Amino acid sequence: MKYWQYLVRRLAGILVSLIGLSIIIFTTSRVLPGNPARMALGALASEEQVQALAAEMGLNKPIPLQYLDYMRGLLVGDLGTSLETKRAVSTDIVYYLPATLELITVSMFLTVVIGIPLGVIAAQNKDGLADNATRLVAFFSVSVPGFFIAIMFQLIFGYLLEWLPITGRLGSEFGSGVSRFTGFLLVDTLLSGNLAAHVDAWAHIILPALALSLAGIGQVMRITRSSMIDVKDQDYVEAERGFGLPSWLVTYKYTLKNAFIPTLTILGLLYASLLGNAFLIELVYSWPGLASYGVTAVLNNDFNAVVGVTMTIGVAFVSINFLVDVLLGRVDPRIRLAMEEAT
Amino acid sequence: MRLDEPVAENPLLTVEDLEVGFESFDGLAEVIDGVNLSIGKGEVVTIAGETGCGKSVTMKSILRLLNQPPARVSGEITFDGTELLSLSDREFERVKGQRMSLVFQDPMSSLNPTFTIGEQLTDTAQFGGDSDTGVVEFFRRRFSGERDEARERVLEMLREVQMPDPENIMDSYPSQLSGGMRQRALIAQALLNEPDLLIADEIGTALDVTIHDQILDLLKDLIENHDLSVLMITHNLGVARQVSDRVYVMYGGRIVETAPTEELFENPKHPYTQGLIASIPRLTGDEMATGIDGSIPEYLDPPPGCRFAPRCPYATAECEEARPEMYERGPQTGVECVLYDEAVPASERPTVEETRSHMTRRPGKQTGGD
């Protein structure tokens, strides 16, 4: 079996697990106490109005039928209407998701470009000053809650030093100069040709992204350090040094690639957990993202929105893990070859 | 007559009075105690001895692979006129990368599993020995015509080590190769930069016997074609006999005997060497020696005199008091044992048969049982 065939098989498995997820989420959202129609219409609406709306929403049909209706809608991109915003859930998700994805992607980027080099430096100075310093940083970044760091950042960089804005995604003065193409402001500002706005978007995103990434930086740093130390002691690394290859080449090409394998797995899991952790950060920075939309939906029993958001996060989660699988196969040929030999 | 040092003619590498100790919580373990050895140009020399006798530590001190501390290395190591121990790390790296090469013990773990054979070997061909290459310089050369030349050189070397289907092997990962193929790839990698001195640690012993023999034959051809000087390290006397010109027998961190290969096997002198040769299984004969009784000395508190004395059937009080001298017994032949003092009559010197008779034996043509 070729590796791509294995991946196709994995994709089929992913589809099945997504269907399973949708059944669970859908059923849970329907059997929870509270009448969505009543919630939508408010306390003042009459019982008849509530009944009429419930019928219109299909709430009096058996749950399996409601599920089938829902899935039929899903195939054409219809996720129902949000009771809270009165807009189609799909419209809301398309509106809110890019903000969250942008935040998470920038934090992942920071995690990788800060965490991995620090891990390498720590490994090369094992038990030295740099190692102990990064150990201390990792300890704090993992143990201090993200929202606390977020508030501290606002206090220090926004309020005391006044270097960076502390809320929102873009200064209000740029609102009219940027048209929406992708929803990713870092991209849209460039597409609109507005460089000043682009810089401003970076200024807005850097604090929340950093606050969100700190715990991950700590983890990635420690994992990279320990696997670098492991790999450095392998015979092949000693041999490569023995043949007189430049030591930076041995470290960053021949050692780091092997040491990156466990880090990559951690990165996949981190990306998924950031989707959840983003909520508190979005709250602190008034970031109009999917996490805050989802939490509002849950609190208001806005069941279509809840299912929509959960499914979106589910899809993001499995896509990232699939991507990690593809990358692992690229980085570590043993995984790929084992798959091909297994059948 | 006393032999200070059995010197090779026209030496490429000489090790004089090498001492290596390891600091530990229990004190200093004096592992290597005054080792002298030399390798002539074009000569193949083996250090043989059982596990723990210090042969790998000797090799690692020559290549500076020991971490200091805990290791403490003293003595003189001269490579082609240059004293190695006094060189800075950078200068040493240059000498090592350009003129020495090594083949590690285990072909399974000595190739990087995440790069193709071609990638690893071409990098070695292009940048091996150039440890000063910077990042910019690297990328300039990596993507120039030089890369293709290096690749060609690798292919040629793979053909020379009789790698089957070398073009295909270039694009394969180590896990796709058999043990013998990996060993060939490693030998090719070690020879890519035309070293003068090849250091081979237990070459082929991780492979099964038939492949092992093929590899040794190949090695012999390569040594001849490339005019290599070789330092081999092995616990297997058969390997020493098959490939080398001269053998050093090591015991307890000291060289106890040295002789040209033929002389050593036909006329072993030191009781330890005799014991080693007596324990080589034979197809004929009705009894088999199971090995030398006892085990290698404790390095934290070694015997004060001859380190083999506690296991030696001929040991006397004299042996336990002072370290014996290295006595010269013919050209390039020396033995560190009091029995070979001029004053001792030849009739009192033991033979292999005699030594065998002192060893634990078990009946031949039978398996199991003592």
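Glycine is treated like the rest: Cβ placed from N, Cα and C.
Keep in mind that TrEMBL annotations are predicted by a computer and have not been checked by a curator.
According to TrEMBL, the feature domain 'ABC transmembrane type-1' maps to A:97-328.
According to TrEMBL, the feature transmembrane segment maps to A:12-32 (among others).
Beyond the transmembrane segment (A:103-124), the same-chain residues lying 6 or more positions past its ends with a Cβ under 8 Å from any Cβ of the stretch are 130-131, 134-135, 137, 186, 205-206, 208-210, 212-213, 216-226, 228-229, 232, 251-252, 256, 259-260, 263, 267, 270-271, 274-275, 278, 281-282, 287, 289. Sequence annotations record features per position, and here TrEMBL assigns transmembrane segment to A:103-124 (among others).
Residues or ranges marked as transmembrane segment by TrEMBL: A:136-161 (among others).
As annotated by TrEMBL, transmembrane segment applies to A:201-221 (among others). Non-local neighbours of the transmembrane segment (A:201-221) in the same chain are 102-104, 106-108, 110-112, 114-116, 118-119, 122, 134, 137-142, 144, 146-147, 149-150, 153-154, 157-158, 164-166, 168-171, 185-186, 189, 263, 266-267, 270, 274, 277-278, 281-282, 284-285, 287; each lies 6+ residues outside the stretch with a CB under 8 Å from one of its CB atoms.
According to TrEMBL, the feature transmembrane segment maps to A:259-285 (among others).
The feature transmembrane segment is assigned by TrEMBL to A:305-328 (among others).
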Top partner of the transmembrane segment (A:259-285) among A:12-32, A:136-161, A:305-328 - counted as Cβ pairs under 8 Å:
A:305-328
